[in-house]
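Enquirer: What follows is a single structure, and I will ask about it in a moment.
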Number of protein chains: 2
Amino acid sequence: MPSLQVQLGARSYPIQIGSGILHDAQRFLPHLSAGAIAILSDDLVAPLYLPALRETLAHAQRPLVEIIVPHGEGSKSFARVEEVCGQMLAAGLGRDSTLCALGGGVIGDLGGFVAAIYQRGIPFLQIPTTLLAMVDSSVGGKTGINHPLGKNMIGAFYQPRAVIADVDTLDSLPEREFRSGLAEVIKYGLINDPGFFAWLEDHLDAILAEDSDALARIIHDSCADKAEVVARDELEGGLRAILNYGHTFGHAIEAATGYGTYLHGEAVAIGMVMAADLSRRLDLLRESEQARIFRLIQAAGLPTHAPRLPAEEYLRFMRIDKKAAGGQIRFILLRSIGESIITGDVPEAAVRQTLNAFME
Amino acid sequence: MPSLQVQLGARSYPIQIGSGILHDAQRFLPHLSAGAIAILSDDLVAPLYLPALRETLAHAQRPLVEIIVPHGEGSKSFARVEEVCGQMLAAGLGRDSTLCALGGGVIGDLGGFVAAIYQRGIPFLQIPTTLLAMVDSSVGGKTGINHPLGKNMIGAFYQPRAVIADVDTLDSLPEREFRSGLAEVIKYGLINDPGFFAWLEDHLDAILAEDSDALARIIHDSCADKAEVVARDELEGGLRAILNYGHTFGHAIEAATGYGTYLHGEAVAIGMVMAADLSRRLDLLRESEQARIFRLIQAAGLPTHAPRLPAEEYLRFMRIDKKAAGGQIRFILLRSIGESIITGDVPEAAVRQTLNAFME
């Protein structure tokens, strides 16, 4: 079973990936602190996987507290953080307890943030149950909640003790969410791993059939690629921006269409198609590589075109995107599959041409 | 003017101490981030010192947002954190902004915590205006708020970019609070700085007269002593516990008498007298040194005896104090002035004798 180590000095941690490892106590016990254990999950995931995790953690023979919050983005709130901390305090959890976050991105973000601030920080284990959480939130230490005035505006950089990704939990993931997660997987190939991109082209059928080995491979390589970028830029100084490939267009699509129309990965997929097109228009990327990118995203069952709106609508959201610096819209562009650059120097006319070319 | 550097690797920062430095822009400008500035203060401190700070920071020629919260422990709440973050978001403060916390311990704790979690962390400057905040919160990176189920249960270890302690702001501090801060100053001499303790004995008159140079010296030496302990134990593994000298008894006195009867430093003063007595009873500390400790605390105008209650009352609170590990009450005791040890191995009979000896 593949496992990898995220190298962050004293805060290094392993990501363990495999089929059925939710039942393997040896994956968990070495990473627990000396005290009690809290499991945080949501009302959709808990009925599916909490019984197995509870049984596995019983081998630790420590007090166990289960905290279930409603599923969905609404749980990333101050009120929910206070309530979860309250349940932990009421159960007498001390600084030597461990928090296990079992669920998708929301649970990872909320659980990581609670762990970061509970009694000034306790260890936490991340047990992601969606493809997006496995390949995105597993690496980078970003935790946080929303403020009524902005998404992900409150949070902390806080690393888990370990990530334990059991690919079997993806069985219950809706197909559309699985494909949305694939968009981020493809992104890692595009920004700095041409070999991985080629492997994805060759093994797309096995991936879409959710073959365990293929899943373990894409999760491993995605995390390794992201870890390499993050290790060089833990606190998001500069380089890490390449992880936003496809996101400048993608965020504008999400915003212009109203959040919820597209899943995040779907909007990113369209954004990646657009960013490849823009790269080609600026004579950075060859047409043949642009075509390969388009084909893989399309074959993965992801959308490639945004709804037809005046280009100005999208541009407006791109300008207020937080990545806009000094009025210039920042783009991550490709020189080739596997080689990305960050630039603010893009003629708006080219951006309009790209937008118009990829609206249906 | 004395200044010192807290050595914490990449998170090292200076503590600048002096008379009138609130007006000296050069103390502030090098520590500001590139973006806007937020000043957090409370409704008691803001009218006194915010105008001066505003004028000083105007030299930075950056947008300035002022956020005033009600004074007192009640502001260390989730609701207040959300509100302060909301004011910062509404003002458009980005990750490149700097938070300046102007006030006593509550403002430092709240401001540091907001800085730690706003957009996953922004730089902050601490501008303490009480003796306790200058000698205690300036070093250690402890930030946080209260939960309805426990004090300081939510927080983060987060270091400031700089601490700027203008001793002139102590002019407005009520005498009783000033003396309460002195208790912590004396503590530093007791736990690891015999030379400083002797200096305090020799210069108590100048200190109580609030002579600027004497104040700068006690703040400098207290911070240097605390920094030395913290540098060796940033995340509170073990050694740092000696900073709790006097606090095992002190917390029990605060709890048994109802919080608010004694100021924290007053309860710690009685606790230090008791811990010295207990050290002498256990043949660790010489009687002559115990007498010096008693005399200095008394001469500083601090209380030396707790209210008469059944000893069991105090013991009960000592047992549930968070420093109790495995049922044993942990004590910080003295071998001599300037040499402290941490022990759980203390006969309860001796503790009772000490309690009975120092109740009025």
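Placed from the backbone N, Cα and C atoms, the Cβ positions cover glycine too.
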Enquirer: For the Zn(2+) site that TrEMBL lists with B:HIS247, B:HIS264, give the additional residue from the candidates B:GLU184, B:GLU312, B:GLU313.
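Expert: So, going by the record in TrEMBL, that would be B:GLU184.
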Enquirer: Of the candidates B:LYS142, B:LYS187, which does TrEMBL annotate as part of the NAD(+) site that also includes B:GLY105, B:VAL106, B:ILE107, B:GLY108, B:ASP109, B:THR129, B:THR130, B:LYS151?
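Expert: The one candidate that TrEMBL places in that NAD(+) site: B:LYS142.
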Enquirer: Fewest neighbouring Cβ atoms within 10 Å: which of the binding-site residues B:LYS151, B:HIS247, B:HIS264?
Expert: B:LYS151
Enquirer: Compile a sequence-ordered list of residues in the same chain as B:GLU184 (Zn(2+) binding site), six or more apart from it, whose Cβ lies below 8 A from its Cβ; state 'none' when nothing qualifies.
Expert: B:LEU132, B:VAL135, B:ASP136, B:SER222, B:GLY265, B:VAL268
Enquirer: Distance between B:GLY105 (NAD(+) binding site) and B:HIS247 (Zn(2+) binding site) at the Cα atoms, whole Å?
Expert: 17
Enquirer: Within 10 angstroms of the C-beta of B:GLY105 (NAD(+) binding site), what count of other C-beta atoms is obtained when all protein chains are considered?
Expert: 19
Enquirer: With Cβ-Cβ distance below 8 Å and at least 6 positions apart along the chain, what are the contacts of B:ASP109 (NAD(+) binding site)? List them in sequence order.
Expert: B:LYS76, B:SER137, B:LYS142, B:THR143, B:GLY144, B:ILE145, B:ASN152, B:GLY155
Enquirer: Write down the Cα-Cα distance for B:THR130 (NAD(+) binding site) and B:HIS264 (Zn(2+) binding site), rounded and given in Å.
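Expert: If we compare the Cα positions of B:HIS264 (Zn(2+) binding site) and B:THR130 (NAD(+) binding site), the gap is 13 Å.
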Enquirer: Between all pairs in B:GLY105, B:VAL106, B:ILE107, B:GLY108, B:ASP109, B:THR129, B:THR130, B:LYS142, B:LYS151 (listed as NAD(+) binders), what's the biggest Cα distance, rounded to the nearest Å?
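Expert: Site span for NAD(+), by Cα atoms: 22 Å.
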Enquirer: Roughly where does the domain '3-dehydroquinate synthase N-terminal' (B:67-179) sit in mean pLDDT, to the nearest integer?
Expert: 96
